[in-house]
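Heads up, the thing below is written out as structure tokens.
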């Protein structure tokens, strides 16, 4: 943790909870979906069709992020992004996040300022409110985020709706976060676009509602890895899914990083998690929306295959069975 | 933490995240407000009037609870209760909770089972769903709960709506949790009703909506202490509040504990937090609903007085200014 406090604000223990919350929330803009923001016992958020979509994720320092690998702002960005991706994967439009922050009393106000700045920025990019939260003392830095979303009259897109004959498509990056993690793990800090894809993923927030409107039958956000997450859909739907590698784009930058590190970039694309792309099934090629890439087909049976065969790469999906 | 595992389930690290979540959620009953429970990317919950009330609280072992003072089930109960109380204090009917659990990998499955059993039981008592969550590894045991609620067409009751001439009333216990904490701090474990009031508070969930329907002008749940929380209302509303001690019930059990410990039980009632009673202001004595006790009046000015004078007891409200 940083110990320099250029603004002289000291530690969170010096400032106290009420002053800290005041400092982190005052003057921040909220979108129209925030009917009542921070400052009362609870927030009030639009849920236009009489339902609300909600998901919680917890990130722990040293487990889900490292402050020597990511800036505090990137950590805040990531904590918000991974949660909004879950709401998006139901076909909902994200509306708000609530943040629980547990941090050591000696944490500098500057660090918390930077984490929450990353949260506010990513919430702004997704056009959602940061509507409430809690800041408490803990030996370990733990960030809990709850994201809310609005289905706007659409049916939620579950993991269990994939049908035999559906096509499988993805929207967003695959393998970039894993490549970035590999780079950081070797002690490098570049190429920065790859490393930042790990530090601060950018899920395609609008693509979830887009897929739902296009008739997606099942959807998930790719947090564990493409094959692992497609297996969640296959299992919930009682179907098999085959992924075709000739349809999977491997970006030249990942090829370059793979060459530099002596790793197979295709493996990152198939099994790397944390990019929070969306993977969905659609009733036919004509239903796949613009910006989505078709990568496979739903078959009778169970489990995941790659080009018709079980995937045998190291760390492949079978490890999650 | 307990190390005995009678069911042979071992630690959370042995079992793994997916199996653990499966074990903690399968076969649990959900209320009708849960449209989609755990198991997908996010939950879907009723928000009948097109708005949702949401609040997050974080509890940390050693800061907010001690596993040598409370059973794991009581800890789970408390984590859910304190969050539902926030939603209730807006005048909403609670609908659901989401739980983020960060625990050391050596935590036994039995301990997590017991914590979540306490959560399910209290959620059941409040008739809300436990609709989702996350379990991750952390050096410190941290429990984050987000509660959702439905205003059912009512306006939210804010802290800022108290008007000069309003009466102040409370519903629920005051001072019991502080008395229980004092008992535990002296190394005692009884009287058990007082100690359990600290371990597992029972907020009056139905009283929030009741107060809103009766025309409450401002409301808060008593988490920091009666005087401190009334001061939040006074400050937000730009008014003064006077509390009359002749109207404040001090239960005989608190008197007995006070006598035994050489403490003033009235001080617990005025400044003890964590009972999560509700305190509200009403436009007149006739508006105070059944089950609520009138304890004071809203005046022109600012700050909190007790019987017309600043409260000078140790740890009184002035410490939060």
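Even glycines carry a Cβ here, placed using N, Cα and C.
These figures come from a predicted structure and were not determined experimentally.
Record features, source TrEMBL:
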BINDING   A:41, A:86, A:221  Mg(2+) 3 binding site
BINDING   A:41, A:55, A:86  Mg(2+) 4 binding site
BINDING   A:56, A:57, A:134  Mg(2+) 1 binding site
BINDING   A:57, A:86  Mg(2+) 2 binding site
BINDING   A:64, A:274, A:317  substrate binding site
BINDING   A:133, A:134, A:159, A:223  ATP binding site
BINDING   A:224  Mg(2+) 5 binding site
DOMAIN    A:39-149  domain 'PurM-like N-terminal'
DOMAIN    A:164-249  domain 'PurM-like C-terminal'
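Positions of the features from TrEMBL, shown on the structure.
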residue : record                 : DSSP class
A:41    : Mg(2+) 3 binding site  : coil
A:55    : Mg(2+) 4 binding site  : strand
A:64    : substrate binding site : coil
A:133   : ATP binding site       : strand
A:159   : ATP binding site       : helix
A:223   : ATP binding site       : coil
A:274   : substrate binding site : coil
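By a simple count of nearby Cβ atoms, those within 10 Å, the most crowded of the binding-site residues A:55, A:223 is A:55. Contacting chain B by the Cβ rule (under 8 Å between Cβ atoms), the binding-site residues A:41, A:55, A:57, A:274 reduce to A:41, A:55, A:57. A sphere of 10 angstroms centred on the C-beta of residue A:57 (Mg(2+) 1 binding site) encloses 26 other C-beta atoms. Residues of the domain 'PurM-like C-terminal' (A:164-249) grouped by DSSP class, helix first, strand second and coil last, total 42 helix, 13 strand, 31 coil. For residue A:56 (Mg(2+) 1 binding site), the Cβ neighbour count at a 10 Å cut-off comes to 27, with all displayed protein chains included. Listed in sequence order, A:85, A:86, A:88, A:89, A:203, A:229, A:276, A:277, A:278, A:279 are the same-chain residues six or more apart from residue A:221 (Mg(2+) 3 binding site) with CB atoms under 8 A from its CB. Cβ environment of residue A:133 (ATP binding site): A:21, A:38, A:98, A:99, A:100, A:101 lie under 8 Å away, each six or more residues apart in the same chain. Same-chain residues at least 6 positions away in sequence with a Cβ under 8 Å from that of residue A:274 (substrate binding site) are, in sequence order, A:82, A:177, A:178, A:181, A:198, A:201, A:223. Our reading of the ATP binding annotation (A:133, A:134, A:159, A:223) yields a largest Cα to Cα distance of 32 angstrom. Closest to residue A:64 (substrate binding site) in space, going by CA atoms and restricting to the binding-site residues A:41, A:55, A:56, A:134, A:224, is A:224.
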